[in-house]
Amino acid sequence: MPSIRAPASKQTATLQVAVKCRPLTDSEQRRSRHIIQVIDDKNVVVLDPDLSKDYLELIQNRTKERRYSFDHVYAPGCSNADVYKNISSTIAGVVQGLNATVFAYGSTGSGKTYTMVGTHSDPGLMVLSFRTIFDLVKKDDSKDTFEVSCSYLEVYNEVIYDLLEKSSGHLELREDPVHGIMVAGLRSIKVHSADKILELLNIGNSRRKTESTEANSTSSRSHAVLEITVKRKQKGQYGSQVLRGKLALVDLAGSERASETNNFGQKLRDGANINRSLLALANCINALGKQNKKGLAYVPYRNSKLTRILKDGLSGNSRTVMVATISPADDQYHHTTNTLKYADRAKEIKTHVHKNIGHLDTHVEDYKRMIDNLQVEVSQLKKELAEKEHQLSVKPTEKAADNELSWLNILSQETGENVQERINLQKALFELEETNKRNRMELQHLDDAIARQQVKDKDSAVLQALTSRRQVILDNIRDNDEAGAGYRKDIELNESRKRQLQDMIEEATSNNGNRTYLHILSQYRLLGMTNAELQIEMAMRDQVIYNQRESLRSLWNIIYGTGLNQKQISKLAAKQGLTIEGCPLPVSSPDVTTPPSFSPHGRLSPFMSFPSPQSQPYSPSACFVQHGFSTMSYLRNQHETPTVCRQEHLSSYYMMSECSPFDGDGKQKTNGRSMPYFSTPGKPKEMYNFSPGTESERTPCSKEYPTSYSRNGDSLVQIKVNSLPLYTKTMIGNL
């Protein structure tokens, strides 16, 4: 029997920013001056490093002195334990099913790795965090059982490696519609004590790429992410509720200048890749900080694998702490101010936190069987590969075979990278176009509101605010169009490289003696490209399904907002011969404020439709419907009353006289608004290619369907979503 309850409530949290200043080193004490002052544990002052300025320049405010305020500021004498005291509450939520992210940000040599990893006498935030988790699990007096697992990866030169595997290959990122960004093939180890995680942490750190530079004798050349997952479930009960909390502890590599490090060769290339990924992170921080002021700014997560991994921590379902590490030396002034500048912008970032609640059911056993079968298949393939390698090693023309195999491996790797790059570019372009679509929808509403306001009062403050907001949206659209042009150019270059690789394969097939093998390789790679491109469509479909679940939850809120309880709804449905697909509603009356919950598996059932209940009056209060990116207010018989409509994700307000999507005759006014979807059991609507959105532009997965109408004379509700018209009889249309 389906349960009816509200979805997990979301809380908005602001990214917490702490600044930690390390002491001067022995060499810095001889050649540098201390320029950092900490005031009241929340304010930091960076003094002007130039002491040669005269009095006139100082009184004319020609100084480089900078002042910043943060949640917490730690002087050079503070230990890692002092930092951890103020962020431990964030870590404790992981045991309750919440996500948390802690990352250290700063230039090379500023103390990031020391802060995150620490030493035996001064343990870092990583060590203190997993000790807290196991202490909380041990002290828990409930009957719940806990399962703790951890993984450890690094991002080196835009390639992901597993630090818990002795000889890890290249790992790829995958997007899961439920769990978000995941690393395919990453090893996750179950642990039962903090000492075991510490052992794994030491093993991973020994495999991490580090080099000695003039700026830092133990410079980290990669970004490292330690992820701890805590699953909490009731003991001995099948089908019980499961809470899944995740803690991500990130030690970033430091930005550096080639002129300061005097690097060359591989070290120089490593530094360039580090700076490129950190620049992508800085751009994401800028865009997220700008969203509260300028609205729908595109966030370029796909410009780097690091930013894709940190996506949840920066703007998704996570409570996040950023520890900015700085050096007090005067010759590090520019690095220090740059770090504090981005940390100051990060204070504006907001995340949306909710518990990760799941239920165990029969699908789990199916997945386990599939995994077991795949593991058996992988073992067989590894065995066959070892036999083939042995056969190659005993051939008389061993050197020639090795050269051919090396060439094939390089070609295979380049082809895979080309396909993955094209997927990321196409997804990024799709996301950017969706952002611009919403911008243009808001621009249309603003133009309508400005036109109405000009008729009333041309000099009002409301008109000025609307005009200013309109200019901000136009700037966002222009910036996004420029970014889109850059993505299209990159896609063209990627396609050109794809053709080059195909030509190389065809040439080798025609010239090499082993033509059959190369022909098979060519066909395999071409099929691999096709399969990878189909994954894009699958990811889009997953997003469609997720959006549809949210729409159905909103529809239940609308139904209960009319004043009907579950018993009344069941009676109305029975009179019209309407039932829920699967099984009927229970007779007991739930809280009218709670919509039904749906299983995370399956095709978004159950669906319902009801006739308009004439006997039930509509609630006189406004019904605010949270849907996607907007909140719409429906007021019965007040269609011409000016209403303040609010775009919640933009924190912007503007006047609209026709917020209701229906006119006096009961006909819908679409105005680009997405509407709920209902269907009858006799003619259920297909969910194929359905996506809540607007009719202003078509999406890549939009599809035309024939128009259908209700036959019994009731008022019609036309639903247009991404050029997909659907007609159905609902009680919402008669309100």
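For all residues, glycine too, the Cβ spot is worked out from N, Cα and C.
Here the structure is a predicted model, which means the values were calculated and not measured.
Mapped onto three states, the DSSP output places G106 (ATP binding site) in coil. Marked as ATP binding site by Swiss-Prot on the basis of sequence analysis: G106, S107, T108, G109, S110, G111, K112, T113.
As annotated by Swiss-Prot, coiled coil applies to 354-395 (among others).
Predicted-model confidence for the coiled coil (424-454) is 85, expressed as mean pLDDT. Taken from Swiss-Prot, the feature coiled coil covers 424-454 (among others), and the record attributes it to sequence analysis.
Taken from Swiss-Prot, the feature domain 'Kinesin motor' covers 14-349.
What Swiss-Prot lists as region 'Disordered' is 664-684.
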Other C-beta atoms that fall within 10 angstroms of the C-beta of T113 (ATP binding site):
25
